[in-house]
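Q: Pasting the feature list from TrEMBL:
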DOMAIN    B:6-144  domain 'Aspartate/ornithine carbamoyltransferase carbamoyl-P binding'
BINDING   B:54, B:55, B:104, B:132, B:135, B:258, B:259  carbamoyl phosphate binding site
BINDING   B:82, B:165, B:217  L-aspartate binding site
DOMAIN    B:152-295  domain 'Aspartate/ornithine carbamoyltransferase Asp/Orn-binding'
């Protein structure tokens, strides 16, 4: 992975690169309490320009388990209030010896632009409605650990598709890995464009056919007007109700990137039910992020030999 | 202490359990600069939904002296702004491998409710007007170190009693430990209920009789209307004035959970006078919290043998 | 340096003390990635009552590279919102075992006042318009590393001089070290008083004569009314334009304490041009702060022998 300078999006990674990250993520997932100090004395910074709990803390846990020093940048108390640009902030961190920056931002394209002019490693923790690559990687890791392989699986992603950066990453990654992707949701929430091979289906078909029913958080406040729907109406029309969950085939699982709107896109009783992997996704998020950090910061030194056993994916 | 799953309140602990925590707190108080790494590689999170300086930093110092990784949750920049519940936040942290959460909240009963449904260890850092158990433990530790034992001491708690979570904990703990408890303060600030054996007395009697004169912070902004008192009038009528401090018996000490309103519940010159243990309380807070964290996270492995020398308490 | 209790300002330090700090800063600057654990198990706190990116993170990097535990105090979520004074906050931190506090504040004189009544080490990270001593030290370190020595250099500080705490420190330090200091800028931004030997010159003369052209950030929002100048007009009249930069003598360098107003006090193309040391200043900031922290906290134990080779400075 010497050639991976940044993790901006899964659009930029080959199938082999994705699998290599997943293999390493499996390695860490198998060692859930190991304190590794392979990044001891090295600095990483987290710059979240949007609110976050799980992504931010997941990165911080991953960084600290790898032994790195962590700088948490809080926009409200920083020189961005004096008008400093993100570019100048990143360059400043770089000059202090910070080697990687995890960035969440509203501005699509910002990371790509930064990537051309900075040397520290950039990791996209969600940029607008574009991509959320580590969320996608942890989803893939969760599926791989659940089903043993990815190729041939059918994944249905359901709900607020148009604004979803999670979907943004999956649209690039799933087809590369031989996963069949179904989309369902309100017509007004469909993505503008979909790649060849991805199918839009009715919700019932999606729920009945999929190995993975992945519900997305609906930003109802953003859509309420155009949808003319209350939370209850949305749940009934487009949510994973108890009834719909019963239609899922044997062995199928529920996923959700969270935070969950209980009772809106998913019935509250399903969040932690037996077929739900939502908590497991959070657990796997740490492993996926450890793999990304390690690969970007230690790539050239990693003695671990990838089997590149693509057949097992 | 294997049976202590959480530290919600001293109401729930037996005399023996309290003493065991105090014994371990004495151990740490005797090693004020020791960097112990017994929680190395383990994660704890601090979730303060109300402002705090000393409690939050005291926990952070305790956590870091024990070698733990610390996650500081800031509500304003987290998914709670997207409406996520505390329960879902705690479950998320748990899934990432966080083993203990220190919580300060306005909502009484929240911790008790959480305790029934989460596996990580909950530590109450103040819940509404209910309890503030680690403040009580550090007070007890301070008294024990000052007087050699607790049983038989007379402690007067004075001031804004009705809304005090510190008093909430002391009402449960002091009687269990054989401490005589006197209460004094404005009639409108008396607690709704007091346990048998606890006496309400005039301020002068309290000050003259007590081994420990514990002044509580008055939230004057909350009471000003009903009291029709200025800060100066409150000080004169209900505060520890220089005159009243002179009435204290020989060997008696002043305590206060802080932050102090200088010139309101206590004369500014008394805050750091010779008989004041207010700074010592802060110092002991670190030791008390180290004992709590260690007991909850290492309880089953602790090789340290408690003498359970209740006679010395 | 046993006699240096705090770092409030360079006004208080002798030439020998400044050189000793710079020598140690050179030591750390030569070891840019070394993880030293000489402050392991010891606590320092950062209290920034004003927004900051580079100073705050620079201190945090310095602290962590020295192995210290770092407490980041955020005024908005602390007991200062309950009206607690900075004095009481510092005393509280001291009681917990915190040994040094890095403070940025609007209030000039606050640190001097605190210094008389607290035992922990105070480090000024900028107090109002008074001093910013570690910025000055990193500037001196940058000049020393660039030119081999300080004595005999000519430094021009240009721009918003009246409100500059960076200038405040340089006015004390540069003359002590035998550096010629020139000032230039709008008449309304001149400092009220200047020491003997410091010259006010026209901008063109400053730029043509100086070895170091140090541009200061202009707080245009504060001055716009009195100046009747737009950003463009300020740049043309008082900024380092491309034309003026061409007048600089061979070997001369550009410095700026940052954050930079691109296109106001300095042309955007000059910020990262070949003669700019702005990024280098940030890098050197870590080394300068490591030297300060180490000297204050380990001064009496430091086995490193200063050559006190003032001749080389």
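Numbering starts at 1 and runs along the chain as displayed.
Backbone N, Cα and C define each Cβ position, glycine as well.
Each of these features: where is it, how hidden is it, and who are its neighbours?
A: Across the domain 'Aspartate/ornithine carbamoyltransferase carbamoyl-P binding' (B:6-144), DSSP assigns 65 helix, 28 strand, 46 coil.
Around the Cβ of residue B:217 (L-aspartate binding site), the same chain contributes B:159, B:160, B:256, B:257, B:258, B:259, B:260, B:261, B:265, each under 8 angstroms and 6 or more positions distant in sequence.
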Q: Let me know how many other Cβ atoms fall within 10 Å of the Cβ of residue B:104 (carbamoyl phosphate binding site).
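A: Here the count is 23.
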Q: What binding-site residues from B:82, B:132, B:259 have a chain A Cβ less than 8 Å from their own Cβ?
A: B:82
Q: Of these binding-site residues, B:54, B:82, B:104, B:135, B:258, which are close to chain C by the rule of a Cβ under 8 Å away?
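A: Going by the Cβ criterion (under 8 Å to chain C), the qualifying binding-site residues are B:54, B:258.
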Q: Within the domain 'Aspartate/ornithine carbamoyltransferase Asp/Orn-binding' (B:152-295), count helix residues (DSSP H, G, I), strand residues (E, B) and coil residues, in that order.
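A: Across the domain 'Aspartate/ornithine carbamoyltransferase Asp/Orn-binding' (B:152-295), the residues distribute as 64 helix, 23 strand, 57 coil.
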Q: I'm checking region-level scores; what's the whole-number mean pLDDT for the domain 'Aspartate/ornithine carbamoyltransferase carbamoyl-P binding' (B:6-144)?
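A: On average, pLDDT over the domain 'Aspartate/ornithine carbamoyltransferase carbamoyl-P binding' (B:6-144) sits at 94.
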Q: When you look at B:54, B:55, B:104, B:132, B:135, B:258, B:259, which the record names as binding carbamoyl phosphate, what is the longest CA to CA distance in angstrom?
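A: Spelled out: the longest distance between any two Cα atoms in B:54, B:55, B:104, B:132, B:135, B:258, B:259 is 16 Å.
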Q: What is the separation, in Å, between the Cα atoms of residue B:54 (carbamoyl phosphate binding site) and residue B:82 (L-aspartate binding site)?
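A: With distance taken Cα to Cα, residue B:82 (L-aspartate binding site) is 29 Å from residue B:54 (carbamoyl phosphate binding site).
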Q: Other Cβ atoms within 10 Å is the metric here; tell me which of the binding-site residues B:54, B:82, B:132, B:165 scores highest.
A: B:132
Q: For the L-aspartate site as recorded (B:82, B:165, B:217), determine the largest distance between any two Cα atoms, in Å, rounded to the nearest integer.
A: 34
